[in-house]
Amino acid sequence: MKKTSFLLILPTAIFGAILLYIVFYNVAISFTNWSLLHPIPSFSGISSYANVIHSFYFPTSLIHSLELSGSAVIFGNILGIGIAGLLYFLSSNKARTFFLSIIILPLAISMAVNALIWLWLYNYNLGVNWLFLRLGLPYVPWLTSTSMMMPSIIIIAIWAYTGLPALFYLASFLGIDKSIIEAARLDGASSFKILRKILIPNSANGFIVSTALLFLFTFRIFSIPYILSGGPTNIFMQTLVVFSYYLFTTEFFAQASALSTIIILIATAIVIPYALYGIKRWIKK
Amino acid sequence: MMRERRVLSPYTKSVLHYIALTIVSVIWLIPVYAMIINGFKSNLEVASSPVLVPPSHPTLSPYMAVAHVLETPIINSLIVAVIASLLSTILGSMGAYFFYVLSNSYFRGSGMLSNFLFSLIALGTFIPYEATLIPLTRFIVDINLLNSYPGLIVSMLIFYIPTAALLMSLFVTVVPKSLIEAARLDGAGDVKIFFKVILPLVIPGFISTLIFIIIESWNNFFLPLVLTTTPSMRLVPVAVEAYTGGYGTLYNETFAVATLASLIPLIIFIFLGRYFIRGLVALGGAGKGV
């Protein structure tokens, strides 16, 4: 390896350095008291962290974030396995790609647009409730009842991101040696049994990737609660990232940075093990 | 293990199989269906018509009414997304090839360097952008690029060069080592090998990464929300947000805006969807299969 080889990494390294600078700059701000009332920041230890954690909004937004990401991980994995199973046993490759594309389609549309569409689908009289009425189901008070607000967001997230687990489980399933499945077939095993006994137990990689990505992508969902509630102030839809934006707009800069540091720590705790043990081993080969 | 239970004919099974997939697909397409049909409803019809009922007298007037609103944002988004994704993909690919070279060379600290850099690009790919809000805005203000194309592009490069490096490092692994060694024996440096040997061989992966980042940058809501200050600089997702308008307004224009805003990603998805899917697969570290 020559010295000039390092030129290759230079652009990535420069922008990586900017990213690190931003992350550490953020940590530095979080140890000050910078806000509308203190326009000239001065060092104040961990008081911003204490203020943020003891604020009324922190526990609720933390719970909302965990509810959102936790539900997306659970239901995403379950639906992903189900859909991947249905796709795996299709005999036609064309049909498989076609149905898979439909499940992945929401990932190509902006979350801001998705939020806009669902805002109307959740309309009490004109939205999906209209269909529910015709199917003999009760009306659901989607965005009109505070207890239904987070479930409404979770449904959008599941709809938007289930394409990922479906894709990764399908990739895992397709990577399993065909001869094992042929042998099970000859033994008279049903498709469902093959899924349960062979495909799922051999899809640890699909599970790791799906879980990590579902968590990371839903953890940073911003536009859905922001657009459904018309801003960052509705506490029933406030997730951690929305709360930090709220602190920013109300000019509690140090507190916003303290919360951002917490958010980055949570994300990093998943990203780094995932990067080093989940993805990087594929590159070593 | 020859247990025979309810015996369904293979034909019935296959029909049930397709019915199950069709039901899932129909449910999944409801929002897209709603988005497309409702932009064709007239102001008169929209007041009483449920969102899932197609228009009785389709009209183009909502599209006419909103087209001029989205004209500037679409041009802005095209400029920013195309430049940011091309730059990200080329520069990130170079980084990816560096990882490849690094993982095949053994000097003191090469393993640690590689792990550190790889963690960094993964962090750049997956970090919640919202958590970088204050220092990022300060940084863009400090370099005097707030509310400008270069400012938006630089901010996207911070997150998308790592994304491209991550995706490309999987696509680059397919290049056989012997090819690189042969080029080295001819005296070529790694930079030259990258452009002359590697890049031509990984074009499908390159396109997948490019398509993936075009769609991601086109759809990014948060960065343009905080880094633009005037309506003339707005990108599409932010312009769309102005159409939430609450339930008091007529929804036909809202859906027309949503459809126009999604047109470019949807066209890309329909014609180049397999590249987008391959990009997603690489994001999960599984380059094989599908």
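A Cβ is built for glycine as well, from the same backbone N, Cα and C atoms used for every other residue.
Just so you know, TrEMBL annotations never went through curation; they're auto-generated.
Here TrEMBL flags B:15-36 (among others) as transmembrane segment.
The transmembrane segment annotation in TrEMBL covers B:74-100 (among others). Distant neighbours of the transmembrane segment (B:74-100): 114, 117-118, 121, 149, 152-153, 156-157, 160-169, 171-173, 175, 190-191, 194, 198-199, 202, 206, 209-210, 213-214, 217-218, 224, 233-236, 260-261, 264; these residues of the same chain sit at least 6 beyond its ends, with a Cβ under 8 Å from one of its Cβ atoms.
Taken from TrEMBL, the feature domain 'ABC transmembrane type-1' applies to B:74-272.
Annotation source TrEMBL lists transmembrane segment at B:112-129 (among others).
Positions annotated as transmembrane segment by TrEMBL: B:149-172 (among others). Sequence-distant contacts of the transmembrane segment (B:149-172) (same chain, at least 6 residues past either end, Cβ-Cβ under 8 Å): 76, 79-80, 83-85, 87-89, 91-93, 95-97, 99-100, 118, 120-125, 127, 129, 136, 140, 143, 198, 202, 204-206, 208-209, 212-213, 216-217, 220, 223-224, 227-228, 233, 235, 279, 282-283, 285, 287.
The feature transmembrane segment is assigned by TrEMBL to B:193-215 (among others).
The transmembrane segment annotation in TrEMBL covers B:255-277 (among others).
Note: the stretches the transmembrane segment (B:255-277) and the transmembrane segment (B:15-36) are in contact (3+ CB pairs below 8 A, sequence gap of 6 or more). Among residues of the same chain six or more beyond the transmembrane segment (B:193-215), those with a C-beta under 8 A of the stretch's C-beta atoms are 81-82, 84-86, 88-89, 92-94, 97, 160, 163-164, 167-168, 170-172, 174-175, 179-180, 183-184, 265, 268-269, 272, 275-276, 278-280, 282-283.
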